[in-house]
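Novice: I am attaching a structure below and will ask some questions about it afterwards.
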Amino acid sequence: MGDVKLFASSHMSKTSHSVDPSKVSSMPLTEAPAFILPPRNLCVKEGATAKFEGRVRGYPEPQVTWHRKGQAITNGGRFLLDCGVRGTFSLVIHTVREEDKGKYTCEASNGSGARQVTVELTVEGNSMKKRDQPVLSKASGFPGETRPSIWGECPPKFATKLGRAVVKEGQMWRFSCKITGRPPPQVTWLKGNVPLQPSARVSMSEKNGMQILEIRGVTRDDLGVYTCMVVNGSGKASMSAELSIPGLDNASRLAVRGTKAPSPDIRKEVTNGVSKDPETVAESKNCPSPQRSGSSARATNSHLKSPQEPKPKLCEDAPRKVPQSSILQKSTSTITLQALKVQPEARVPAIGSFSPGEDRKSLAAPQQATLPTRQSSLGGSVGNKFVTGNIPRESQRESTFPRFESQPQSQEVTEGQTVKFICEVSGIPKPDVGWFLEGIPVRRREGITEVYEDGVSHHLCLLRARTRDSRKYSCTASNSLGQVSCSWSLLVDRPNLAQTAPSFSSVLKDSVVIEGQDFVLRCSVQGTPAPRVTWLLNGQPIQFAHSICEAGVAELHIQDALPEDRGTYTCLAENAMGQVSCSATVTVQEKKGEGEREHRLSPARSKPIAPIFLQGLSDLKVMDGSQVTMTVQVSGNPPPEVIWLHDGNEIQESEDFHFEQKGGWHSLCIQEVFPEDTGTYTCEAWNSAGEVRTRAVLTVQEPHDGTQPWFISKPRSVTATLGQSVLISCAIAGDPFPTVHWLRDGRALSKDSGHFELLQNEDVFTLVLKNVQPWHAGQYEILLKNRVGECSCQVSLMLHNSPSRAPPRGREPASCEGLCGGGGVGAHGDGDRHGTLRPCWPARGQGWPEEEDGEDVRGLLKRRVETRLHTEEAIRQQEVGQLDFRDLLGKKVSTKTVSEDDLKDIPAEQMDFRANLQRQVKPKTISEEERKVHSPQQVDFRSVLAKKGTPKTPVPEKAPPKAATPDFRSVLGGKKKSPSENGGNSAEVLNVKAGESPTPAGDAQAIGALKPVGNAKPAETPKPIGNAKPTETLKPVGNTKPAETLKPIANAQPSGSLKPVTNAQPAEPQKPVGNAKSAETSKPAGKEEVKEVKNDVNCKKGQVGATGNEKRPESQGSAPVFKEKLQDVHVAEGEKLLLQCQVISDPPATVTWSLNGKTLKTTKFIVLAQEGSRFSVSIEKALPEDRGLYKCVAKNSAGQAECSCQVTVDDAQTSENTKAPEMKSRRPKSSLPPVLGTESDATVKKKPAPKTPTKAAMPPQIIQFPEDQKVRAGEPVELFGKVAGTQPITCKWMKFRKQIQESEHIKVENGESGSKLTILAARQEHCGCYTLVVENKLGSRQAQVNLTVVDKPDPPAGTPCASDIRSSSLTLSWYGSSYDGGSAVQSYNVEIWDTEDKVWKELATCRSTSFNVQDLLPDREYKFRVRAVNVYGTSEPSQESELTAVGEKPEEPKDEVEVSDDDEKEPEVDYRTVTVNTEQKVSDVYDIEERLGSGKFGQVFRLVEKKTGKIWAGKFFKAYSAKEKDNIRQEISIMNCLHHPKLVQCVDAFEEKANIVMVLEIVSGGELFERIIDEDFELTERECIKYMRQISEGVEYIHKQGIVHLDLKPENIMCVNKTGTRIKLIDFGLARRLENAGSLKVLFGTPEFVAPEVINYEPIGYATDMWSIGVICYILVSGLSPFMGDNDNETLANVTSATWDFDDEAFDEISDDAKDFISNLLKKDMKNRLDCTQCLQHPWLMKDTKNMEAKKLSKDRMKKYMARRKWQKTGNAVRAIGRLSSMAMISGLSGRKSSTGSPTSPINAEKLESEDDVSQAFLEAVAEEKPHVKPYFSKTIRDLEVVEGSAARFDCKIEGYPDPEVVWFKDDQSIRESRHFQIDYDEDGNCSLIISDVCGDDDAKYTCKAVNSLGEATCTAELIVETMEEGEGEEGGEEEEEEEE
């Protein structure tokens, strides 16, 4: 189904809504658009700038368009549309006006399909709502106003309809329909109004997107109307169909149907974020009253009144005989809209909530609509809500709404076919039908498009479909009642014709013409695809001529021939297959009269012709540093002038920008592009006849390494009062760490103003606004930038004026000022001391700040909207999760922040300081010992509004004083105070003894349910504090539905003023404070008792509250009943926990869940779901903290019911010494059970607690040690290690396992505090790893530091060699430097000497290790030498080459390096079976010469065999363990089986202690790809075939021996020498034997070349190597990598998806055989890949390379690929895909956090059955070879000071080998990972402990302990938690009172 649009129109307004189109079947290798980052809804102030932005992916690149009210938005004026790189796009609206508000639709489309997302712009006016305006509110299950969803979303839609069913008794019947919507809707089937339950006869299922209801053995009882109801967070829809049995009595059928809903219909409610005018809602579960929306509601009531109905009238289903107005949608689905008959201030129950009896009663009194369809009051209908009145029957017969009886369907046709779209339309008056293509009307065009009508059918006919007709089509039908539309797609495919090169069937003929005559040249050309024809005159393009090419005939028309027109005319025809040309000579005979000729010629010549571009610009994407040339061809008369512009500014010719002109060709050359050169380039050409321009976008891409900035915790909008101080806070991350910019209303904040302060604490940034003034209000933007990208977040600061004083006691206020239907009490309303509530509500359109924590209640009457908010949160998690591949292989992203996925669910309150503004630092009043013993119930006072300085005898007439501005520096970092400083009159009670339960303010337990948290015993009586006496308590609000229960304000002084606060965070155990005395005790937590309380909470009748005298209306319907109750559950830790129950109620109940009294909400870990009447809680992996009492409470207007169950979670590892649960479970804001165990051995701490016993003897610790250092040669170096522990401690420095002795260059100084090693002047031999070893009698520790001495490189090794000597040229080749000086060699300087001049001169500079020397003279001899160059300088020269003369060939030396290649003849190879020689040293048999290279394995040296003088390569390994030696022996064993000319041979091996040497044949030509990019190498497809044939031969032989290579990549394909094309495969270190191996799985490979089955940890085979060959071949022919991403994770994700293509222009020159060869190797299913034998028989490799055409291929892409690959390399030749833990778990804690559940991750431990498997996995991970080292910390954790509610993070880096296992401790107790404590440990040894939602109980010392088989290491730091409390001050900024009597 394509796009479906619903339109509702009247004379006042027209609204539309679009649903996501489903994909049309796409062509191969294409991808339909998908929004990676959808645009978000915006709320901005009038006059500000609004920016919608997002990111889309798809192939081809999608085109993004924006629509509003059905009209496309174009660039210009205040609207700016922009599409950036990598799918980013934006819509910017400058100077936003009121009329800009509303919905905007963003559509991304390409040839594969289209995708839409709808967002909303809310515009806030500059003035706040008038406070004296009477406002009405209505209780409802939905909030009257919530913030718009931040994600674009789609309400549910029906893509197909339910058909009416006529079925015989006993048969089976099936209803089916297809639905769409985002998030995916929940589906419920109903019969009548009763949800259907699965049974033996009835089943409900989903298949391929179709929802299916099956009824087997239909009986008469099954008769009736069946409804499919779909609901998501954006709205709901339903469709009904009737099941009937033929022959049944009509009367009985009518009786049955009379009680049901009409069929078929769709009932729909869409609340896309903001519900603005509920009076227009057609239907909802709890039918809303017209007062729900603020000020406009009262005006609307007059139109909604029904004079005939004195009592409130029910919203009810219209009986069948009452005509209805309907809007029809595609598939004849109907939205039924019925008039609302309501009285002012009346409650209107929901449609669909009545019993059949009630429905039958309504049949007797059909509704008479009193609401005219043209009523102007309906102009406010918003979004997707439609309304139309019920028209009287008489008028209804005359006019009906338009509807489609049949609709056009999407089609896929071949180019050239005829396409017909047909629809049938009905309606009275007869509808007008319009056809549209992409929103543009389609008209009749002769021979192309026909539009006609045939009776009731309307036809659109495309006579010859073309590919450009592949678009989205729509049809609208409209009459006076309204309009309906439908849409569909057409896909036109090109026929798959065999492509042929152009050819001429008739050619040009010579001709003779007379001057002034017209003549035509004509020829016929054919070819597939159709050739492009170009005309040339004497080899130059013809500028002033008219040429046409139609139906294969090409013509050139020349008018008024001139003598200049004589010459050779050529017609050039070309297509993708080739080109062909034909020529003819035209002779122009001059006329005799010269004067006459000149007279006639003059006007012809002077006739001006406007410029035209024969070739324009096209968009370019290049890498930073590339050279760019943009070329255009322009013609015109007179010749046009040309200028170039960049982003509208003229480009001046300079050193960087050059202009070139050659005839009509003009070029702009940029020598080296930089990122700032990105932009739009325009070429303008003009002459006297006109002007023309062409433009293109140049994008300069930078290779970035790092992470784009992002928000760990986003800031949130603030509502404040004048004079208050405000904090806006966020936590950020990014690599490199981003810079932070603060802006208000688009302008940067000026630091000179002094009105604000910017604070930073680690990654937390806070903006402090002191003494807020009106000009501080506005939209604040936090902009984060680093070199990878940028990110921003906007919040608003809104101000309320302080309300006037409260009315006297007992009097009801005239109105509830400022109320808006949203439901919450404003932040700063003041009331009198008797408790009269004066709420202050946000102005309309502002809404409340969006909450992510269900417990965080922002005011007294905030409505419960958890279901809505959870849905949005689920959308956010789902959409981001779909795109996040970071966990693909169980890897952690190496940033120093929590991963984005983890943070999606950290409540935003963790970084929210707004509620803490007036609080002092919590006194830390007792010692740590006492705190550990008592584990006090810490109380959260964030919502406390009572002030410390309240007078003991308050005066009723006097309003309480305003809060003073606190000093926020003391708030954030102030000192802690002793108990005496906060006397009994404090607003906060601290250190309550364990077991005491605080008293809530009043007894509103069911309605605000203030419950003790944790394991507080319910029977304990709370203790009142001070002299508090709660004389009045909060009262339940009359006429209020349970879904909006009253939240009492914790710690409010009941006898004082109630101050509701927006940012209050109650739901914590609280105690009354101040001058109050407890009148009665609180009820035990967990008992939901509704108490009548007496408190003057007065509001207008029918509004928020009601006084005790008022009557509550009688409830409608029945109270909820649990049909299926919760059952006790027992699960093991890590298993899935699922709790389900079924609730029957009328009207539908609101269901809330709680665990141990704490309300549950949907998070990443816990999912609350509803399917019809069934409610569930599911936890994918249960933890011990999930145990406890689960309670489900269902409420509706008629009552409530509850059921509960006990859940037990078995610990995976229960410590015997676990302390009593009470000790650590009473943490505020958490219901976590104990997560701390103890470990038998005491933790060694750096800083013991003050009252601990005398310090015990300690092993040595290295507490300070330098990082790795890099110094220039000649500079001094100091390495200092600071140590601690029991003396005496001995320190010694080691290098290469030998102790360093002092010398004239090196000094060592040892002292009690540490040891210092000083190198006076660093030289190259000082490079290496230095180890500090410290020892005492209790043990030893060591730490390592790498020292790199950078310098100019060593001279190139060996002697330069001349080869390929010709008459005047030769090829010079040489080895690279044996040491590069610590920085890569950038180039080589070649120097020359001859026998005549006898002076060394610089000849050339080149990057490779060979150079073709030209223009040599035969009469002299030459010598050469080479210098290497790096960033630090130029090396000394190499050895000099031998004297060489051109014109003769030197005698060939024995060294194979210098042997010219002969492709035909393989040299004799000396094959040997090698056994490891342990008797002799390698130096006994070979002379060891210069180093040739090094790698992770060791080093390679040139060896000369002493007996024969043959040259070999020696590969020297360091192998310390038996396992390492076995691994090398296995490689030698495998190489003994691989005797083949294309495989490098091992000829000898030696073992001596930890050294193993393999002697290999030398391959000196370098890596294959390096050879290809040499300047003297010409790359053609012929060379590619030669290389691939050799690779296939070599791998074929390996496979025949039962071996797989598993590391095929360009680095392991070596050229035999530098002149030929012979290659050899090397490096069999990862090779494995497949024979007898069973099912072999591996965990290693190079991401770019590894096969999908390796990543997915599936069995491998010989075909695994074939995938790698396919990747190598793809890169070889194109220079492009099919799967390379910006990092390894992205690359691996690309490989697993196995999507690639040949779309790049690089493949234009590549033959189809080559593409077929690659295609048959890059198959995701390994069974479908070619094997080596099939490869060698493939037509491509069978081609005759001697005689085939050799078309030169570009090497530019290959050079860029090689540069990028070098940049991406991390230094290890093989990167491990997975890293596994090698040790057992300590205290139930895994040392490395395992994969977070990627289904393809090989890291799940279940896959490794034994310790041998683990060891094998480690071996396969190919970790760098290094000696075993005890654990030590190269970076230790540091003390932290954080504010309560934020997140804390300890970071350290752990070194050691084998990899240490890690355990964390809180004080003396080991920490088990949970949702509160998260532990990250990555491959690089970075380990983090993240504590989310920090509270006072987390204030402790934390220790990280690292253990391996050689020892252990620890480091310790302290976490200080600062708890904020309310402060009090007088106006004028007086100091807060410290103490009161």
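Please read every residue number as a count from 1 along the shown chain.
Just so it is clear, glycine is given a Cβ too, placed from its N, Cα and C backbone atoms.
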Novice: Kindly point out the range from 90-149, 330-389, 990-1049 that Swiss-Prot annotates with region '5 X 12 AA approximate tandem repeats'.
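Specialist: The listed stretch tagged region '5 X 12 AA approximate tandem repeats' in Swiss-Prot is 990-1049.
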Novice: Looking at phosphoserine as annotated by Swiss-Prot, pick the matching residue from Ser980, Ser1795.
Specialist: Ser1795
Novice: If you check Swiss-Prot, which of Cys475, Cys486, Cys549, Cys571 bonds to Cys523 via a disulphide?
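Specialist: Looking through Cys475, Cys486, Cys549, Cys571, the record in Swiss-Prot gives Cys571 as the partner of Cys523.
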Novice: Using DSSP, break the domain 'Ig-like C2-type 9' (1831-1920) down into helix, strand and coil residues and give each count.
Specialist: 3 helix, 58 strand, 29 coil
Novice: Along the domain 'Fibronectin type-III' (1356-1449), what average pLDDT does this model show?
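Specialist: For the domain 'Fibronectin type-III' (1356-1449), the model's average pLDDT rounds to 88.
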Novice: Per DSSP, what is the residue tally for the domain 'Ig-like C2-type 6' (709-809) in helix, strand and coil?
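Specialist: The breakdown for the domain 'Ig-like C2-type 6' (709-809) reads 3 helix, 58 strand, 40 coil.
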